[in-house]
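Trainee: Below, the features straight out of TrEMBL:
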type: TRANSMEM; residues: 12-37; note: transmembrane segment
type: DOMAIN; residues: 20-228; note: domain 'Cytochrome b561'
type: TRANSMEM; residues: 57-84; note: transmembrane segment
type: TRANSMEM; residues: 96-120; note: transmembrane segment
type: TRANSMEM; residues: 132-159; note: transmembrane segment
type: TRANSMEM; residues: 171-195; note: transmembrane segment
type: TRANSMEM; residues: 207-229; note: transmembrane segment
């Protein structure tokens, strides 16, 4: 169904969904910082405190694959994708902004990976692949890197023919949305796993972490809503 028809069916434009998504992204970041700084001792990529390394992993993975980056050229999920509806200018300018924000998200995701691998190395354990979070998170980042490289090659440099771009465009959209959804799932399963690792049950820290997860999930929902609205 075309975007215009979707808009007529839902009787709403994408603008409210984009605004709500922006607010939820800020809420998720603030709640994550409150949890890390107030209850978990801060974050660092160089500290010998393993807690701070693990906190850095959570924070950078939130900022990267979820908050900073959208995946799909003409859809609306995440800040990078929202650039196509919120940033004025020529199409090529918007495309460069899209690529830049995706690159920032990829770099932040790599930093998140660096933090968790450093954590595992200092802890003296091997890569943890016995949890759903590990499998989904690792797969998401691999798909994201491939998606970025293919998007850069087809749409920017060296650039494909118009026919090849037309063929690639819907698949770029589809896999971008899949990657975004997987990032939300990975974040939710990561929060559940952190709950089990630190043995949280009740209290203010539990509430903060729960509300962080809820903000992330609601952010994902509003982003997907913006995809189907004009």
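Each Cβ is built from the backbone N, Cα and C atoms, and glycine gets one as well.
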Trainee: Counting Cβ pairs under 8 Å that sit 6 or more residues apart, are there three or more between the transmembrane segment (207-229) and the transmembrane segment (12-37)?
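Mentor: Taking Cβ pairs at least 6 residues apart, the transmembrane segment (12-37) and the transmembrane segment (207-229) are in contact, with 3 or more under 8 Å.
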Trainee: Sort out the residues at least 6 away from either end of the transmembrane segment (132-159), same chain, that have Cβ-Cβ distances under 8 Å to it, and list them.
Mentor: 61, 65, 69, 71, 73, 95-96, 99, 102-103, 105-106, 109-110, 113, 165, 168, 172, 175-176, 178-179, 182-183, 185-186, 189-190, 192-193
